[in-house]
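Taken verbatim from TrEMBL:
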- 65-87: transmembrane segment (TRANSMEM)
- 99-119: transmembrane segment (TRANSMEM)
- 131-152: transmembrane segment (TRANSMEM)
- 210-230: transmembrane segment (TRANSMEM)
- 250-272: transmembrane segment (TRANSMEM)
- 427-445: transmembrane segment (TRANSMEM)
- 465-483: transmembrane segment (TRANSMEM)
Amino acid sequence: MGIKTALPAAELGLYSLVLSGALAYAGRGLLEASQDGAHRKAFRESVRPGWEYIGRKMDVADFEWVMWFTSFRNIIVFALSGHVLFAKLCTMVAPQLRSWMYAVYGALAVLGTMGPWYLGLLLAHCVSLYVASLLGQPWLCLGLGLASLASFKLDPLISWQSGFVTGTFDLQEVLFHGGSGFTVLRCTSFALESCAHPDRRYSLGDLLKYNFYLPFFFFGPIMTFDRFHAQMSQVEPVRREGELWRIRAQAGLSVVAIMAVDIFFHFFYILTIPSDLKFANRLPDSALAVLAYSNLVYDWVKAAVLFGVVNTVARLDHLDPPQPPKCITALYVFAETHFDRGINDWLCKYVYDHIGGEHSEVIPELGATVATFAITTLWLGPCDIVYLWSFLNCFGLNFELWVQKLAEWGPLAQIEASLSEQMSRRVRALFGAMNFWAIIMYNLVSLNSLEFTELVARRLLLTGFPPTTLAILFVTYCGVQLVKERERTLALEEEQKQDKEKPE
């Protein structure tokens, strides 16, 4: 009940006013804290000179972001620009061979970046999974794929295989894990699709064309083989009306996001402050809450920028890649929480949906989530923090189903049925607000640190109870209601669009 119910405009206006005022107040506290801590000795390594002409320093705690847009910026631009130009030339000269040309260019880029021995290592993994696919046993393909993935995540095999990389450079470890991990997932997808469709007889060449597509190679996102093969096999692909405009808009949004992050890091040191717990503990409760929230928003922006740039290139190649993850601000259910839509689609197709079915029964859902997060743990690299993160998110996903089942129980269902649809929406939004902070806390463990998460939980739930806890819960409730209103509007627009497309 209440899913498609509109709330009074005055009520929604009040929610907007409360939310904007609270964010402005908390943001001001965080800005003042960043200014006060700019010259702290503990900040010296991660807060470096930035805009000297106005005396602003910059938070450079995220080395990956800094490397992408400083020392590796020209290399990334050169590699992707070369791919775009090469792709355009191939499309004009020999469109039927474009998938092979992409693979050759990608393999040469990997060869030049990581060396011939690393390329040979990946080819060996590709061939082993291709051979497994010929046997037509899905369990064997999945088991071998997970074993290959484990070899890149666990010692001593990871140390041995990392020695295949030629030379040393700043992003070597990131590129090694990214290229290796995504290669295994792609090869596993190929093998499983081959087992599912034995009549199609995919070849080793199809696997190599799939794996060595450069824009997706190191950082993803991952497309399942069936989707990639179907789209790449089009000899004369045709763009939809307005597609080029949307590609330009996406590229422009990526540039704007990069500039916005650069500006933000000159005023808010959201990555450095959590590393100094004594300083973080002196923040007002509101500033501490927005600091925790900002850490997750930044991780989403980082993923959105990375996938936005890659997806722009892929769409120029007439592909329809996975979209960037849903913004953390719009998340209030665990079922929609993910930071990589491609990996989420891969896990859902081959593990989660396969085991969980309709996701409406408690026991199958428990088995599906345990299996899914076990593989996710292996993907992220087994360690204590990843174990904790997986357990918490697995529990959150199952707890949602338990609460849903409880709400469908006779007495509670009758209570909700007695409520008006607007009141039902308000009650559900209240539970959504609590769930929102559970999502933040459970993911802050891995995105920042366990110590900082404990500090935030203690301040917001224990020492700040009840005024801080209730105030933050009410502000979050306002935000959830605005998100629900946005979802309701989009759903109505989609229904109207479908009604117009129906033949009379």
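Glycine too: its Cβ is placed from the backbone N, Cα and C atoms.
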Check the transmembrane segment (99-119) against the transmembrane segment (210-230) for contact, please; criterion is three or more CB pairs under 8 Å, pairs 6 or more apart in sequence.
yes
Beyond the flanks of the transmembrane segment (65-87) by at least 6 residues, Cβ under 8 Å:
98, 101-102, 105-106, 109, 170-171, 214-215, 258, 261-262, 302, 309, 313, 316-317
Chain residues in Cβ proximity to the transmembrane segment (210-230) (below 8 Å; excluding those fewer than six residues from its ends, i.e. six or more beyond):
79-80, 83, 102-107, 109-110, 122, 126, 175, 178-179, 182-183, 185-187, 189-190, 193, 197, 202, 306-307, 310-311, 313-314, 317, 319-322, 340-343, 345-346, 349
